[in-house]
Amino acid sequence: MAAAAAIAASKGNGGGGGRAGAGEASSSRRKKGPGPLTTAYLVIYNVVMTAGWLVIAVGLVRAYLAKGSYHSLYYSIEKPLKFFQTGALLEILHCAIGIVPSSVVLTSIQVMSRVFLIWAVTHSVKEVQSEDSVLLFVIAWTITEIIRYSFYTFSLLNHLPYLIKWARYTLFIVLYPMGVSGELLTIYAALPFVRQAGLYSISLPNKYNFSFDYYAFLILIMISYIPLFPQLYFHMIHQRRKILSHTEEHKKFE
């Protein structure tokens, strides 16, 4: 679910900040880029988000050096992680008002899936916060987002270093499975606590004649990874070949 955000690494088209590709040029969907004010805003947004995820990365390293252990590092970066991941909700607005030519639906799913994992699982089930699986997806997200927002920033400035482009379309090969593994293991670790506490579940009878089993809902989310992960992963592999091979061909003609 949250891992679906990684598809942003391969389906982007436009002006910076949108999860499905803010910052990448699109001749097919938008021949003109955003105006100067919009570009300035998107550059600022992406710079701030890059800096935010760098703060998270530095926080992880400092906590590890201070403790001498990678266990329970989540607590050292909990606040900035929640703040900057929740801040990505603005990317839905960017798509909705048209300053980024990406799908509102797709971007909403991608952003909300991560926000869900942060707030409805990791925040709500305190017992999982010390799990190593949380650190696994946090590290994967952190590296991914630093690269992604840097990519968008430089693209908006029309000065994209090849190294950043290469990293964006290459490191997902490791980071995507790493993030998926961390997400699934975290949800799995939360299941017994959710079931025991009846967290977010609604039982009958009630005046609305409606029931909801959050435990079963989390299981369905985990099952959804089975068809989604290989489909998205191999699509991204295909996109990598196409984009990087095009870059290499372009270099030959320069």
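Every residue gets a Cβ built from N, Cα and C, even glycine.
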Membrane-wise, does Swiss-Prot list Lys67 and Leu244 under the same topological domain?
no
Please report, as numbers and ranges, the same-chain residues at least 6 past the borders of the topological domain 'Lumenal' (61-79) whose CB is under 8 Å from any CB of it.
122, 129-130, 132, 134-135, 138
Of the listed stretches 42-60, 80-97, 108-125, 131-146, 170-187, which one has the most C-beta pairs under 8 A with the transmembrane segment (218-235)?
170-187
Considering only Cβ pairs under 8 Å, which range in 108-125, 131-146, 170-187 makes the most contacts with the transmembrane segment (42-60)?
131-146
Take the topological domain 'Lumenal' (126-130) and find every residue of the same chain, 6 or more past its ends, with a Cβ under 8 Å from one of its Cβ atoms.
71-72, 74-75, 78, 186, 189-190, 193
Mean pLDDT for the topological domain 'Lumenal' (188-217), rounded to an integer?
97
